[in-house]
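The annotation domain 'Transglutaminase-like' is assigned in TrEMBL to 262-355. If you look up TrEMBL, you'll see Cys270, His329, Asp352 marked as active site. According to TrEMBL, the Ca(2+) binding site annotation covers Asn392, Asp394, Glu441, Glu446.
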Amino acid sequence: IVTEVDWLSRKNGAAHHTQEYPGPELVVRRGQAFTLVLELSRPLEDQETIIFTVETGPQASEDHHTKAVFQILELGVDKTWTAVEEAQMENTVTVSIASPPNAVIGRYLISTRVSSRRKQNDRKLGEFVLLFNPWCPEDDVFLDSEEERQEYVLNDSGIIFRGVEKHIRAQGWNYGQFEEDILNICLSILDRSPLHQNDPATDVSRRHDPIYVSRAISAMVNSNNDRGVVQGQWQGKYGGGTSPLHWSGSVAILHKWFKGRFKPVKYGQCWVFAGVMCTVLRCLGIATRVVSNFNSAHDTDRNLSVDKYVDSFGRTLDDLSEDSMWNFHVWNESWFARQDLGPSYNGWQVLDATPQEESEGVFRCGPASVTAIREGDVHLAHDGPFVFAEVNADYITWLWHEDESRERVYSDTKKIGRCISTKAVGSDSRVDITGLYKYPEGSRKERQVYRKAVRKLFSVESSGRRTRVRRGGGRGLWRDDLLEPATKPNITGKFKMLEPPKLGHDLSLALCLANLTSRTQRVRVNLSAATILYTRRPVAEVLHESHSVQLGPEEEKQIPITISYSQYKEDLTEDKKILLAAMCFVTKGEKLLVEKDITLEDFITIKVLGPAVVGVAVMVKVTVVNPLLERVEDCVLMVEGSGLLQGQLSIDVPSLEPQERASVQFNITPSKSGPRQLQVDLVSPHFPDIKGFVVIHVATAK
């Protein structure tokens with residue numbers, strides 16, 4: 001009897017905040033009614049009514065809540081699938097269909113039949129996609145602020161913060177959750193999960209729960225246990241794939257994975273995993289943001305300390321240092337209720353798709369309640385100890401002697417978990433959210449929480465008693481021993497840049513030493529420097545020298561240091577980072593380690609030459625500088641931006657003389673209004689990528 005259906009895509013899209021999805025199928029959110037107009041081959045008789053069936057996934061069943069059968073009623077019933085007649089004309093009926101706020105999300109088939117005595121087959125009307133609904137107060141993912149929903153659900157671009165604590169840099173990222181095929185790909189990610197492959201019916205039935213869905217996505221965005229989306233690589237070698245620093249958004253990655261028949265895309269590092277996971281979760285309707293933690297601990301042995309081993313020149317001994325402290329690490333936070341933990345743990349939840357440690361046998365992390373981390377409740381699901389350590393671990397330096405003994409070395413340069421950052425709502429500025437993760441550093445409350453976490457962690461260890469921390473050759477240490485600080489020496493030291501560190505130039509700096517006593521002290525200084533990855537893993541040594549200094553009473557002295565471009569140019573990674581270390585040996589056997597992470601600076605500017613209007617071409621001017629003291633050729637400018645241009649634009653840059661400034665101009669024709677992010681990336685075989693971005697406010701055509 002039902003011959004046609006009008007999905008009213010524009011009306012439903014506006015009501016459900018889904019009009020940006022490109023279609024063709026209807027996309028709606030759970031817990032909220034949507035309207036259909038049904039055309040009938042004949043008017044309904046008095047006792048007849050239309051019965052609807054909606055079903056999702058294989059083996060759909062009412063027991064699993066993946067199928068519902070319901071008929072048109074005069075009044076809707078809360079928390080079940082219902083249909084209410086809005087209007088009836090001779091051969092059409094307008095129906096308002098509502099799903100429960102805890103419905104399973106995904107692609108549904110909807111069919112109808114007429115209630116009558118005659119046996120009949122259901123008529124398939126078509127498919128629609130049901131998403132989580134942050135606008136619905138009864139949905140676990142409900143978020144109260146409209147400004148935050150606009151930012152964390154609907155904004156299709158954002159900013160990821162990288163660099164080092166003292167030099168934080170913003171990188172644009174194109175989430176592109178409304179681009180062609182992305183919704184389909186995000187649903188495929190759930191279907192490719194081992195959870196689905198092993199038991200499809202149960203898996204689909206659990207997709208009502210944001211805890212379950214986000215944890216599954218966290219495992220699937222990396223490729224470690226499955227044919228997930230992105231393959232990680234932290235060795236600095238990216239043959240057979242794309243360097244993590246070349247990506248400027250998630251869309252190209254997700255398309256490549258899907259079109260390549262689910263073959264993991266090479267290569268990603270933490271910000272790539274976080275950018276892709278943000279796209280997927282926003283696309284499915286969960287409010288999500290990207291968070292950067294500077295001086296981030298990777299605690300492999302769950303003892304809440306990062307143990308770093310160095311030699312007499314302050315060089316990291318990688319084979320002994322299983323733990324590490326990354327210059328920065330990027331993860332996600334998603335906003336939802338924790339029905340498993342109780343309402344005090346609702347709100348932001350940490351999720352991390354970077355494959356660092358296994359969680360219940362799979363490389364995934366979270367959701368871990370940010371409130372639980374701040375309060376030291378590390379025993380709560382999921383992965384609390386690992387996340388707590390990332391922002392709270394103690395950083396302990398050991399000097400490793402040739403006889404395989406070791407001793408604690410004083411080093412006050414590094415505190416774990418600094419400047420935890422995310423993009424501001426409605427602007428490009430950086431917001432420091434460290435206070436959401438921990439109480440003020442050094443406060444009484446912070447130390448109380450730390451001790452509570454230590455107690456909880458060691459009481460939940462499977463052995464039932466505190467674990468011993470064993471290190472190669474060293475004695476077993478009780479955790480309490482680690483809280484005893486190293487002896488503070490009677491000198492201080494710090495590195496000072498004499499000129500800004502520029503890519504392609506010599507580095508000029510000094511080690512400043514100060515005697516804190518009224519007696520003369522002799523200091524032997526062993527200096528080393530190495531190019532590093534952002535994980536602080538050394539790549540190649542570029543400096544190795546020793547000095548002897550005599551410091552008079554309360555005297556300060558500087559040791560000048562120069563690292564020429566020729567010393568570092570062959571071994572600089574795309575992270576553009578160099579780690580300096582000075583191991584200082586003072587009279588009376590005191591020792592001090594001084595470290596400095598340097599990020600080399602570069603230059604790029606972007607200007608839009610005129611007003612940006614939908615459907616009208618506008619000129620963009622990008623100015624770049626050759627950072628090197630030599631001529632370079634074969635540079636290419638890569639340009640992309642959702643709603644500004646289709647796919648990626650590639651522009652050849654003419655050869656550049658040493659330190660020459662040059663401009664490249666090109667047209668873009670915006671297709672969507674509102675704030676849009678344009679990203680540019682200067683790619684060269686002679687130096688690491690130089691990236692920039694600009695937000696363009698696009699007006700609607702009059």
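Here the Cβ of each residue, glycine as well, is placed from N, Cα and C on the backbone.
Predicted automatically and left uncurated, TrEMBL annotations should be read as such.
Each of the recorded positions His329, Asp394, Glu441 was scored by the number of other CB atoms within 10 A of its CB, and the lowest score belongs to Glu441. Looking only at the recorded positions His329, Asp352, Asn392, Asp394, Glu446, the one with its C-alpha closest to Cys270 (active site) is His329.
Other residues of the chain with a Cβ within 8 Å of the Cβ centroid of Asn392, Asp394, Glu441, Glu446, the Ca(2+) site, are Lys415, Ile416, Gly417, Lys438, Gly442, Arg447, Tyr450. Glu446 (Ca(2+) binding site) has a Cβ environment of 16 other Cβ atoms inside 10 Å. In the domain 'Transglutaminase-like' (262-355), helix, strand and coil residues by DSSP number 18 helix, 40 strand, 36 coil. Of the recorded residues, Asn392 (Ca(2+) binding site) and Asp352 (active site) place their C-alpha atoms 17 Å from one another.
Summarising the environment of Asp352 (active site), the number of other Cβ atoms within 10 Å of its Cβ, over all protein chains shown, is 31. When Cβ neighbours within 10 Å are tallied across all protein chains shown, the highest count among the recorded positions Cys270, Asn392 belongs to Cys270. Comparing Cα positions, Asp352 (active site) lies closest to His329 out of the recorded positions His329, Asp394, Glu441. Between the CA atoms of Glu446 (Ca(2+) binding site) and His329 (active site) there is a gap of 22 Å. For the pair Asp394 (Ca(2+) binding site) and His329 (active site), the C-alpha distance works out to 17 angstrom.
Taking the domain 'Transglutaminase-like' (262-355) as a whole, pLDDT averages 95 in the prediction.
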